[in-house]
C-alpha cells in the first residue's frame, strides 16, 4: 500500500490528521522524510522535483533567516517583520505550486528560539486567520527550539503554544537537549560533548506533558548530533533513540516495538548511512538536511561559471567570435537551474539513504 493511500489529501500541502498518518506510515515502514530548508522559489523547485521524480513525500521548511531572505534582503527585520512576511510568502507559494508535482508536502518552519518567538507569534496569527477562512492552518507544522532554556521552561512554553496550535489541528516539533553547532538563532558550537545527549526520563517528560493536549507532536532529542559539517564532530549515538522508545513504551505499558515516540534527527548533514538507518529503525520519521543542500546548490552554479567563464565576461564576445552574443549563457534561468539540478541530485541521494524513495508507489 503506497503512502498516499493513508492520506485524505493525496497531493499538495497536507495538514492535521494527514501529517500524523504520514508519520505513522513512515514509522511502520521504517523510512524517514527529508526536511529541506528552502530560501527561494528556486530551492523549493529543486526539492519538489527530487521528491516527485523519486515518488516520495517531502518536508519543506523555512528557518528564521531563510524566511527573511525569502522576503528580500532589503526588507527590515525589525520586530521579525521580514521573517514573518517571508515565511508566509513561502507558505503561499508552496501551497500554490506543490499540487503540480503530484506529491504530499509537509509545510514546516525550523528552529524558533525564545528570542525569536515574535516570529512564531506572527506565523501562528496567520495560521489562525487562514484556519478561520479555510478550516485548516496555513502551515502543516512549526518547530519550537527552546533547548537553551531550562527543561521546565522549555516544556512549559511548548505546552502553552501547543494548546493553541491543537485548536487548529497543527503539528508541533520541539527540541529537548542540546544539538551542537549553529543553526538560525541558536548557537551551541562551544557546548561540551557530554551535554549533547538527552536522557530517556527527560524525553518522556515531554511526551507526558504534550500528549495530554494532542498526539500531534514530535521530539528532536539530542544524541550527539551537530548542525553543520565539522572536521571533528561529537560522538553520534543513535542507539540512544532506542532507549528513549523503550523507556516511553514501558511507562505507557506498551510493547517496545510499538515505538510510541515520533523522533526527529537534526544535524543530518555529514552523518553515515549506518547512523541514519539505526535512527530510522528506532522511530525517526524526519531528518533535517540543510548544509549539504546549500553546498550542492552552490556546486552546480560554481561549476557552470568555471566551465563557461569565457562566455560570461562580457555581454558580447566569446571564443566563437568577437561579435557572438552571450545572453544564453548569463541568463539567470540557465545558471540558477544548474544549482537546482545539483541540489535535487543531493536530495535524491537522501531519499535513497532514508528509504523514502518509492514510498508513493
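Placement of Cβ uses the backbone N, Cα and C atoms for every residue, glycine included.
Positions annotated as active site, proton donor by Swiss-Prot: 110. For 63, the entry in Swiss-Prot reads D-glyceraldehyde 3-phosphate binding site, with the evidence type similarity to another entry. Annotated Zn(2+) 1 binding site per Swiss-Prot: 111, 227, 266, in sequence order, evidence recorded as similarity to another entry. As annotated by Swiss-Prot, Zn(2+) 2 binding site applies to 145, 175. Taken from Swiss-Prot, the feature dihydroxyacetone phosphate binding site applies to 228, 267, 268, 269, 288, 289, 290, 291, supported by similarity to another entry.
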Of the binding-site residues listed as 63, 175, 267, 291, the one whose CA lies nearest the CA of the residue listed as 'active site, proton donor': 63
Neighbour tally for residue 288 (dihydroxyacetone phosphate binding site), based on other Cβ positions within 10 Å of its Cβ: 28
Pairwise CA distance, residue 289 (dihydroxyacetone phosphate binding site) versus residue 266 (Zn(2+) 1 binding site), rounded so that it is a whole Å: 8
Residue 175 (Zn(2+) 2 binding site) CB neighbourhood, other CB atoms within 10 A: 28
CB contacts for residue 290 (dihydroxyacetone phosphate binding site) [other CB atoms within 10 A, all chains]: 24
Other C-beta atoms that fall within 10 angstroms of the C-beta of residue 111 (Zn(2+) 1 binding site): 25
Residue 290 (dihydroxyacetone phosphate binding site) versus residue 175 (Zn(2+) 2 binding site) - Cα distance in angstrom: 17
Other C-beta atoms that fall within 10 angstroms of the C-beta of residue 289 (dihydroxyacetone phosphate binding site): 25
Secondary structure of residue 266 (Zn(2+) 1 binding site) (DSSP, helix/strand/coil): coil
Secondary-structure category, per DSSP, in which residue 110 (active site, proton donor) falls: coil
Residue 145 (Zn(2+) 2 binding site), number of other Cβ atoms within 10 Å: 24
Cβ neighbour count (within 10 Å, all chains shown) around residue 267 (dihydroxyacetone phosphate binding site): 29
The one of 63, 110, 266, 291 whose CB sees the fewest other CB atoms within 10 Å, among these recorded positions: 291
